[in-house]
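Annotation source TrEMBL lists active site, proton donor/acceptor at A:147. Annotated Mg(2+) binding site per TrEMBL: A:9, A:380, in sequence order. For A:16, A:207, A:208, A:209, A:210, A:211, A:281, A:282, A:283, A:329, A:330, A:331, A:332, A:333, the entry in TrEMBL reads ATP binding site. If you look up TrEMBL, you'll see A:90 marked as substrate binding site. The site 'Transition state stabilizer' annotation in TrEMBL covers A:179, A:240.
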Ligand SMILES: Nc1ncnc2c1ncn2[C@@H]1O[C@H](COP(=O)(O)OP(=O)(O)O)[C@@H](O)[C@H]1O
Ligand SMILES: Nc1ncnc2c1ncn2[C@@H]1O[C@H](COP(=O)(O)OP(=O)(O)O)[C@@H](O)[C@H]1O
């Protein structure tokens, strides 16, 4: 391995990890620790086609990461011998300050902590992972890579909301955008597939996973993205509403007396595809729709219609696009979602090749299509490792 | 006059009225009563180039409408001799029930009252106007014409929000859309200018006044529109934010403790162009921008960028458009807004004729432009009178 990086993605009760080469962006090992803090924690470790599972309580992130170290040892590839150049952490919110990856010190830790006001669900968990890893690997640089950073180039016309100035100036209210490492990676790959420099093309990336966002990438730079201050805005997602009339919040409070916390939870956790179809997982929704379930059919129609409208608006924002790239769980795997999202876009320069789409691409538009449409598997951990290696080289 | 209709638009402390021919859609008289309930009420009456002003307290809508009747008499054109076929009332919210104009009876009054939950700022005032006019003109049919009605054809994919089912099923949460009479009138006029039947063309209408909305009209039917449950969603407006991350509401509550009512008022009355530039009126903003005021320049850039994105998304929603029509105060008068909103749309089929745009149209695209762009003065009162006459004929 050229530049082995341990990439850590800490959630509220889980840790995902990968050992990735920062040069080739390939992972040799990956793992998932779930239900941290509960009695039935599970660690699943994958290496060279082998899968090892460890069950039993892991009280906290510290015990979780120690179990990870043990799992590497048990697999015969101890981390101590891996030649790690760094531990890299995915951090959701970098605010206006962190527009590049950064080596973590106490001051950076404090800044990430302060940014928890903008991402109360995510940054505290990310920070806990960082703190724990700093103790466990005191000699290695710990690098924070931010989901928001790729969108630091979004100009005022797209990142400012028309809300009172105090909200913008004192309370950090602006569009930040998320899924940045995925949009960065996929838009670069799309340019590569076109045989062009990223600086020579305009690409629209649709990242469709449990969370979902679309980004307009102009000559390598993000100029607009559908998520906003938080990951709630934009496309319909598994459990998030995406775009709504903000007055719905006031209306529902008047109607039911629901509190801010109730409404926040409802829009983030009980809305989206779950609210429309009863299912959160796209595979279940497609199965139900195929079996004739009308709610599931309508949910898919709404889901795809919203993607289609964002594509149209970003073609307008970019003044024309060279490529549209689909990525993440749904974008990579659902030919049906891609086809519906791209239907009736001929007037905008999208000519879908139905057979290629059904086959999964990578190119799913016809050779004559003015806009090339692609399916590109994302690699967020690879991108994080690569950015980390680049930072440490510089 | 063929079918004289007295059209009344009642606001929270004002009444606008026009005497309109429901056949030609032309107004012979118009008036405005302001500051009803205050000591300095003013009635301004215009007829045949003459303007009459009456100052002094008008305690309520009853006194206001009586002063209107007197003003018609003073002008030598008493309403009693006008041969009125009806009094028509603009009503903002018709909910799911009112998808056509309707003759008002007690039951309709109650229904409009119940719809106040969806439009607490508007429907109560509209209803007060209706009640007062029914007393004053007991022999005339009173007709309610709804701002939402033209959007009754918006399909599920565009009118459903991905929010919990109880919100949709029990609390009326869906996209309704507004400015319906304007979008109906202008889209029909646009088809006329193309020399085609409305059923043969797709038109995007940008109604840009103090409130602003864009509508996608497919073969004469509204299939999507930017305002939603309330007029808050969509474009940036004079004092309304338009689209934002709904989580901004939760964030600002956590940051400042602001209440639902505070945040509702802030987004409806202290946001939009006012918050971005310090001015609510487009003329003041354009003047400030021309004088080098950076906030005003950025505000205009955001305003136009949002219009551009909606146009792109509606071209995608329609699968291609034949015409784009600009209307209302800003749409009819600001060549600068139109030019900025249409910039970089060549890839989508818009080729602006700059000289024609500067001259105010009516057609402002080049003869080669795949999409014809037009400036069309709206005529909401004419449309209301015409729909009223049609209802009474039927
Ligand atoms: N073969 C498939 N066909 C359709 N949808 C799929 C398929 N595989 C995964 N998905 C969907 O992808 C989504 C998860 O995407 P993923 O990118 O893994 O999410 P996350 O945002 O958590 O990383 C789920 O809705 C899942 O149903
Ligand atoms: N000549 C003009 N140039 C630019 N803007 C104008 C001009 N005339 C009117 N406007 C703008 O039109 C807006 C009011 O539009 P209007 O359709 O009258 O509003 P309403 O929604 O209240 O009916 C204001 O922002 C005003 O500045």
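Sequential numbering from 1, following the chain as shown.
Keep in mind that glycine also has a Cβ here, set from the backbone N, Cα and C atoms.
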Distance-selected recorded positions near ligand 1 (C-beta under 6 Å), from A:9, A:179, A:208, A:210, A:281, A:330: A:210, A:281, A:330
In the chain carrying residue A:210 (ATP binding site), residues 6 or more apart in sequence that have Cβ under 8 angstroms from it: A:237, A:238, A:239, A:280, A:329
Candidates A:16, A:240, A:283: member of the recorded positions with the richest Cβ shell (10 Å): A:240
Candidate with sparsest Cβ neighbourhood (10 Å radius) among A:90, A:179, the listed recorded positions: A:90
Nearest of the recorded positions (A:179, A:240, A:281, A:283) to residue A:147 (active site, proton donor/acceptor), judged by Cα-Cα distance: A:179
Cα distance (Å, whole number) from residue A:380 (Mg(2+) binding site) to residue A:179 (site 'Transition state stabilizer'): 8
Close recorded positions near residue A:208 (ATP binding site), where close means Cα within 10 Å, chosen from A:9, A:90, A:240, A:380: none
Alpha-carbon spacing, residue A:16 (ATP binding site) to residue A:9 (Mg(2+) binding site), which is rounded to whole Å: 5
Which listed residue (A:147, A:281) has most other Cβ within 10 Å, given these are recorded positions: A:147
Cα distance (Å, whole number) from residue A:283 (ATP binding site) to residue A:380 (Mg(2+) binding site): 22
Greatest inter-residue Cα distance in Å for the ATP-binding set A:16, A:207, A:208, A:209, A:210, A:211, A:281, A:282, A:283, A:329, A:330, A:331, A:332, A:333: 23
For residue A:332 (ATP binding site): intrachain residues, at least 6 apart, with Cβ closer than 8 Å: A:326, A:360, A:375, A:376, A:377, A:378
